[in-house]
């Protein structure tokens, strides 16, 4: 899957780590400072909703991105160890994403708001479903019980391609989520040029840059002299 990009993966993994920290800090500032905090149960239902963007960004997008980059961040480590870390991080991202979606439903149900009426919600449900399927297929094929070597070799390119597709879809839906929430807030009187509006927009931009860094890191070689036919993620 080497694409001859002429760049190494390392600079993009470093950029992704830095952008991940920035995005996590920004969404926490938004949820806690501007939106009043986080709560599992509260009379102010907005505090329940605030759990949703925090878990979806930090759990689903960031941890999911780190899972994708495991083979690039630790290229000289034991492959079985990398595979386990890759699997576990994706599992954590999947669980946190599902919990984040649960809190969106919880907020809607307790606030009398309809569910699944927006494009953001439709894509969100579709994406988490595809993410779950990808994780299960990866677990069965590459981890336990594990497929035959020739099957792994045939599945691997599709596993990589489908995984990146689902991740890019999740990134696009995160952008829809930022846009939808900010539009609701502005229609309720939030200053369109105020600090909070700028924070949300800049957070969304940082997420785009983070996602782009993850994708490039995933397809770029560890070393520029990789031979033709190089596959970024090992086959076994």
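Cβ atoms here come from the backbone N, Cα and C positions, even for glycine.
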- Query: On the same side of the membrane, residue 46 and residue 223, at least as Swiss-Prot annotates them?
  - Reply: no
- Looking at the transmembrane segment (14-34) and the transmembrane segment (202-222), are there 3+ C-beta pairs under 8 A, with each pair at least 6 apart in sequence? yes
- Message: Counting only residues 6 or more past its boundaries, what in the same chain has a CB within less than 8 Å of a CB in the topological domain 'Extracellular' (175-201)?
- Response: 26, 29-30, 34, 53, 56, 118-120, 123-124, 207-208
- Message: Is the transmembrane segment (85-105) in contact with the transmembrane segment (202-222), using at least 3 Cβ pairs under 8 Å (sequence separation of 6 or more) as the test?
- Response: no
- Task: Please name the residue among the binding-site residues 116, 118, 120, 122, 124 whose C-beta has the most neighbouring C-beta atoms within 10 angstroms.
- Result: 124
